[in-house]
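K.L.:
In case it helps, TrEMBL gives these features for our protein:
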DOMAIN    C:7-418  domain 'TRAP C4-dicarboxylate transport system permease DctM subunit'
TRANSMEM  C:50-72  transmembrane segment
TRANSMEM  C:137-163  transmembrane segment
TRANSMEM  C:169-195  transmembrane segment
TRANSMEM  C:216-238  transmembrane segment
TRANSMEM  C:244-262  transmembrane segment
TRANSMEM  C:274-295  transmembrane segment
TRANSMEM  C:307-329  transmembrane segment
TRANSMEM  C:336-353  transmembrane segment
TRANSMEM  C:359-383  transmembrane segment
TRANSMEM  C:395-423  transmembrane segment
Ligand code: NA
Ligand code: NA
């Protein structure tokens with residue numbers, strides 16, 4: 001057996017050490033199907049740009065759809081360099097990257113580009129989330145994506161947060177659980193594909209999810225109404241590279257990745273915002289009514305979820321993590337991102 | 001089931017006691033799961049408020065505990081499926097070579113799994129990983145579940161090494177039993 | 001090159017009587033080492049075994065095993081057989097038909113083929129021998145009937161496939177119902193055909209009165225109830241398969257205790273069997289993930305899919321070839337290992353050809369079950385042989401006509417996939 005192992009190991013050059021001048025091939029993996037924007041307009045867009053910018057100096061083998069591990073595995077697989085670049089989604093990793101859920105807290109922003117820019121600032125080298133969570137785990141983020149606007153899908157209109165009291169409500173997990181809890185609903189953990197059946201059978205009374213995800217699951221068939229503008233937070237995802245690998249790369253490759261990362265963040269958020277709009281009209285065509293919340297109603301929702309952020313920060317502090325600083329930094333970054341939008345618009 | 005009833009040295013006795021206790025803990029988890037499910041379904045249909053943490057508990061504690069804590073017990077009882085096609089046609093010397101090789105490989109593989117589990121546990125301790133309480137999670141430190149991997153795999157490695165020592169020292173192992181109802185398909 | 005080397009290594013380890021889970025795991029680690037280097041091997045060893053095991057859906061497996069063990073330890077098989085004899089009455093080869101009916105009923109509450117074969121062998125064969133049944137027929141029949149447990153829900157192997165193929169566990173379980181009934185029917189018709197051709201093989205059953213039939217209800221009632229509880233709650237979507245399995249355990253325990261058939265020692269035995277069987281299955285699952293990640297890194301699946309997409313042959317012909325491979329594998333390898341090793345690679349090909357993954361699951365399990373009674377490694381045949389003392393070679397001969405009939409069923413289901421798929425499709429809501 002030892003001989004067999006030696007033979008097998010000898011007959012493949014392990015991918016650690018590329019020959020001088022030859023292209024380096026990176027193993028890239030995530031949990032998204034290739035049709036999801038995080039794949040098509042995220043990592044594929046990114047690696048295409050990197051390939052162009054390095055003149056083919058960096059090549060990529062891409063493994064989508066959990067081919068190399070579950071969504072929660074990549075944080076470890078990238079750090080241990082089993083995978084070179086992988087998806088790191090804080091909402092699935094409340095045990096490992098709790099502070100990085102700050103971008104998903106309710107009532108902060110409903111716009112993918114603004115949120116993505118702010119989270120990008122915090123996860124960049126020197127940013128609070130990079131310093132507190134990504135760097136200690138040997139990770140460096142390459143770009144950020146945000147699926148915006150969790151909404152409440154129900155049978156019958158919902159305009160006031162008090163209407164959630166006692167509703168069994170599908171939750172995607174993460175901080176949405178806390179939000180629903182605070183609003184008096186009972187969060188039920190269900191994966192996307194299970195939601196249709198649960199709703200049609202009445203196992204749950206309501207569902208929290210972004211309009212973008214409601215379309216592929218045909219949820220317009222099982223819910224008559226959805227909120228428009230309920231401040232229920234969003235879903236942040238990042239793609240990260242191992243810091244050790246980053247340090248091995250020549251400066252030209254790092255520059256290419258940094259530039260491609262900036263471009264991808266901008267491209268991906270625009271696609272997310274656009275697809276959210278499209279999703280809403282598709283669902284409306286399917287017979288669903290979106291109830292737009294008036295400013296007064298919005299205010300009541302905002303008041304109801306404000307304590308979620310405060311409690312989240314306090315909970316982090318209890319664990320010895322700088323929750324308040326993270327929340328403040330996120331709010332500051334969001335303000336700057338919005339100012340940036342205003343300037344860009346001029 | 002093939003138990004080496006003739007082999008009751010002190011090491012075996014200690015291992016046996018630990019294995020039986022570990023297996024009992026693993027099985028207690030299964031009993032708890034049945035109770036949890038009955039309560040959970042009842043609460044869902046009667047009160048409309050299921051237990052929020054049963055999914056996390058069953059996945060991270062019951063299954064991990066049942067498998068890893070029960071591993072050594074299972075190795076001892078010889079319940080892992082093997083293919084007897086060649087073995088049946090071998091003489092005592094050949095069988096002994098296969099038994100030794102099988103034990104060495106099993107010990108090596110379980111040691112690797114235990115090592116991976118140790119890294120997992122050490123990382124969870126170092127970073128203080130702990131999930132937020134939520135719709136499916138218990139807010140218990142991650143290492144309390146991860147540590148079952150190195151503990152269970154480590155115990156099983158000791159068991160295999162003990163069997164290996166006996167095989168190297170003692171008489172050739174008895175003829176392979178015909179496959180029996182241990183196999184579930 | 002690496003792939004070929006690792007496959008040879010796996011085959012050698014399996015033949016060297018290394019436990020199947022260990023053989024797959026060692027080959028996977030060696031492959032990861034060769035394909036991805038030490039960082040890949042260590043990285044996957046850290047995450048994979050824990051992640052593979054800590055999956056809530058998998059809890060259905062120990063629970064279904066425990067439920068079957070509780071039913072088994074309650075001694076229900078003998079009672080079911082007695083009841084089946086009464087209901088079958090005066091038909092040709094009555095005991096044989098009753099045996100098949102017992103197997104099918106037992107399958108409806110048991111997830112394990114081999115457990116079913118063992119239980120059936122000890123209850124039905126002595127009775128058939130007393131009535132001068134041909135030995136080959138009696139032993140062969142029981143070995144085949146035992147395989148029903150895997151197809152009729154609840155079934156551990158259906159759950160196992162659903163997890164590997166990432167299809168709904170509930171739909172997969174419900175999909176086994178119609179094919180399970182068809183397998184039952186095929187076995188009965190084959191028995192009747194054999195006896196009609198050679199009447200000396202088996203005598204007819206005797207007539208029973210309506211009173212005797214009614215007296216079987218205390219036995220059949222609880223079994224029917226348990227089946228309805230488990231499969232009904234899955235079909236109606238009232239509970240997840242894992243929850244249904246948990247309710248099934250509670251039900252089996254309650255029935256066993258109420259009928260005073262379970263005591264502490266029997267429950268303990270059932271738990272120990274559950275532990276050892278589960279550990280064996282989960283070791284194969286964890287190892288299969290390691291091996292699967294190695295296979296992914298070799299990109300063999302994509303290569304295969306492209307190669308087959310490039311062939312200009314009808315999809316059914318490709319399926320026939322795949323089925324042949326499964327039959328051959330089934331004759332050598334353990335059923336769980338076959339699924340664990342092949343499904344991740346073959347399923348993308350099957351889907352590319354336009355076949356349904358749930359239909360394919362039923363076909364693969366049917367083929368693997370045929371493998372359970374074909375030489376050289378027909379596990380069910382060995383179990384029956386151990387139980388009755390008949391030589392395995394003789395039982396393999398007795399099984400032959402049934403294998404032929406089941407292959408015809410495979411062809412029929414391949415031609416008419418709707419037969420398999422209509423029931424799970426009515427579940428959607
Ligand atoms: Na069954
Ligand atoms: Na076989």
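Here, residue 1 is simply the first one shown, and the rest follow in order.
Cβ atoms are placed via backbone N, Cα and C, with glycine included.
What's the neighbourhood like for these features in this structure?
P.N.:
If you look at the transmembrane segment (C:50-72), the same-chain residues 6 or more away from its ends with a CB under 8 A from one of its CBs are 106, 109-112, 115, 119, 149, 154-156, 159-160, 163, 169, 223, 226, 230, 240-242, 244-246, 248-249, 251-253, 256, 262, 267, 269-271, 273-274, 277-278, 281-282, 285-286, 289.
Only residues 6 or more beyond the boundaries of the transmembrane segment (C:137-163), in the same chain, are considered here, and those with a CB under 8 A from a CB of the stretch are 55, 57-58, 60-61, 64-65, 67-68, 96, 99-100, 102-104, 106-118, 120-121, 124-125, 128-129, 169, 171-177, 179-181, 183-184, 187, 191, 194, 201-202, 230-231, 234, 241, 244-245, 248, 281, 285, 335-336, 339-340, 343, 361-362, 364-366, 368-370, 372-373, 378, 380-381, 383-385, 388, 390, 394-403, 406.
Tertiary neighbourhood of the transmembrane segment (C:216-238): same-chain residues 67, 71, 76, 79-80, 82-83, 86-87, 105, 108-109, 153-154, 170, 173-174, 177, 244-245, 247-248, 251-252, 255, 259, 427, 429, selected by CB-CB distance under 8 Å and a gap of 6+ residues from either end.
A Cβ distance under 8 Å defines the sequence-distant neighbours of the transmembrane segment (C:274-295), meaning residues of its chain 6+ beyond its ends; these are 3, 6, 10, 19-22, 24-25, 27-29, 31-32, 35-36, 44-45, 48-49, 51-53, 58, 61-62, 65-66, 69, 112, 156, 160, 163-164, 301, 336-337, 340-341, 344-345.
Tertiary neighbourhood of the transmembrane segment (C:359-383): same-chain residues 113-114, 117-118, 121, 140, 143-144, 146-147, 150-151, 155, 157-158, 161-162, 165, 167, 172, 175-176, 179, 183, 319, 323, 326-327, 329-335, 338-339, 342-343, 347, 350, 392-393, 395-396, 399, 402-403, 406-407, 409-410, 413-414, 417, 420-421, selected by CB-CB distance under 8 Å and a gap of 6+ residues from either end.
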K.L.:
Under 8 angstroms for C-beta pairs, at least 3 of them, ignoring pairs fewer than 6 apart in sequence. Is the transmembrane segment (C:169-195) in contact with the transmembrane segment (C:336-353) by that rule?
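P.N.:
Judged by the Cβ rule, the two regions do not touch, with the required three close pairs absent.
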K.L.:
Which one, C:244-262, C:307-329, C:336-353, has the most C-beta pairs under 8 Å toward the transmembrane segment (C:395-423)?
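P.N.:
The stretch I would name here is C:307-329.
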K.L.:
Any residues 6+ beyond the ends of the transmembrane segment (C:336-353) with a Cβ under 8 Å from its own?
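P.N.:
Same-chain contacts beyond the ends: 10, 14, 20, 24, 157, 160-161, 164-165, 281, 284-285, 287-288, 291-292, 295-296, 300-301, 304-305, 308-309, 315, 318-319, 322, 326, 329-330, 360, 364, 368, 371.
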K.L.:
Need one number: mean pLDDT over the domain 'TRAP C4-dicarboxylate transport system permease DctM subunit' (C:7-418).
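P.N.:
Reported value for the domain 'TRAP C4-dicarboxylate transport system permease DctM subunit' (C:7-418) is a mean pLDDT of 91.
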